[in-house]
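S.K.: There's a structure below that I have some questions on.
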Amino acid sequence: MSNYFNTLSLREKLGQLGKCRFMKREEFNDGCNFIKDWNIVIVGCGAQGLNQGLNMRDSGLNISYTLRDAAISEKRQSWQWATENGFTVGSYAELIPQADLVLNLTPDKQHTSAVTAVMPLMKQGATLAYSHGFNIVEEGMQIRSDITVVMVAPKCPGTEVREEYKRGFGVPTLIAVHPENDPQGNGLAIAKAYASATGGDRAGVLESSFIAEVKSDLMGEQTILCGMLQTAAVLGHKQLIAQGMDAAYARKLLQYGLETTTEGLKHGGITNMMDRLSNPAKILAFDMAEELKVILRPLFQKHMDDIIEGRFSATMMADWANDDVNLLTWRAETAETSFEKSPECDTEISEQEYYDKGIFVVAMIKAGVELAFDAMVDSGIINASAYYESLHETPLIANCIARNMLHEMNVVISDTAEYGNYLFTHAAVPLLADYTASLTLEQLGEGLKESSNNVDNARLIEVNEAIRSHGVEVIGKELRGYMTDMKKIASAK
């Protein structure tokens, strides 16, 4: 197999990268009826597999799970989750031949082996679905010509897919049809129905392409979503304790500070997050973010270039073939950081304190979101896709750190995301070491001591305008408006 993206002409590449359309609510009036009577078999029962399946069953669909023989005979975690939730579980040979729709929700690393195993068993004219297109785009998996291939990619971890559905809402979702595999011309109808069954249509659906999803997803998770959050936690903690702050308090300030400040990001973008700071702190955080962007821009651009040209995938797959030596080494190194090893702290910190003392955290988040967004858009990815893969998902990942530190984040994200995160962090931490060492305790985690809120009016206006006019803020305001409207519709029902 060879990288599918690299087989396309420049015109085809740009066309696929730039494919992105926010779908109208009326396009989902038929809900999931198109696949209502289908036999739907999910391959794998991890976080996405289980939670998507629960949502789809609650939407009235016929769902069962197929697992490897060893997973069934040894009653592994995937078997336990499926059976404990009352689903039919069977082997590939038992369930795949009767399936109208097969959802491949195994870990990225297992996609080739899973699809290779199930494809010969799939009946003529069946549909194969993914929630991430890495196997198609980067590994170049060739699917039988009679099989329709679609993608439905919720823009959050699997647990959140379920929780939002239970609240009567859903999570923004990207759908796509593989242009090489739509023999009956009904791929889009299938993808729409699948997305509706998971609750995605309640939050907003983007019609995109496999290529745009993969390239933007890889960039987001490597840089702002995981890499910058981990870098902020590791470097921030190291410098705070070096300047005399209690290790446990520093851990709490960062662990929950990342969650609190990105919660502000979720509701009103970078503008709202920055507005939670005092005027002097806002200007300081803005200036720090600009300095960080100068240092980090070449690294972000390198990651984007490596993703677009396939070098990242080749490097990661070489590590797969080498028994994950690099990934496991970086995972072990992360566990040994002072942030991860520090004890818990029971000192109360108010919501506003996290902002007041989080100037460094806010600057890192602002710089990371804007750099990731810009790198994607500069590569031909449409701004809506870039928004979802940068700003939108950041609070969801920060929630994982709040639950159980960096370990939780790296367990919940995909194997592909974990590798990319370590790759970025491994470069970013030494790159920022001198810069963070030059910061004062006020900048890092104590907050400004001056009581005056006085600033130069012209400078404040200039900073506010720069924050609000960035591309991620412009498209973000529009997309959050769509989601708010849709949430009202869902609540009314």
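Just so you know, glycine gets a Cβ as well, placed from its N, Cα and C.
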S.K.: Among G15, G158, G168, G170, which residue does Swiss-Prot annotate as binding NADP(+) at the site that also has C45, G46, A47, Q48, R68, R76, S78, D108, K109, Q110?
M.R.: G158
S.K.: Based on Swiss-Prot, name the residue from D182, D201, D217 that is recorded for the same Mg(2+) 2 site as E389, E393.
M.R.: D217
S.K.: For the domain 'KARI C-terminal knotted 1' (209-353), jot down how many residues DSSP puts in helix, in strand and in coil.
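M.R.: For the domain 'KARI C-terminal knotted 1' (209-353), the helix, strand and coil counts are 122 helix, 0 strand, 23 coil.
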S.K.: Using DSSP with the three-state reduction, classify E393 (Mg(2+) 2 binding site) as helix, strand or coil.
M.R.: coil
S.K.: Restricting attention to the domain 'KARI C-terminal knotted 1' (209-353), give the mean pLDDT.
M.R.: 97
S.K.: Max Cα distance spanning C45, G46, A47, Q48, R68, R76, S78, D108, K109, Q110, G158 (NADP(+) binders), Å?
M.R.: 21
S.K.: Through the lens of DSSP with three states only, how would you label K109 (NADP(+) binding site)?
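M.R.: Its secondary structure by DSSP: helix.
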S.K.: Please name which of the recorded positions listed here, H132, E221, E389, E393, S414, is nearest in space to G158 (NADP(+) binding site), Cα against Cα.
M.R.: S414
S.K.: Out of the binding-site residues listed (C45, R68, S78, K109, D217, E393), which are within 10 Å of S414 (substrate binding site), Cα to Cα?
M.R.: K109
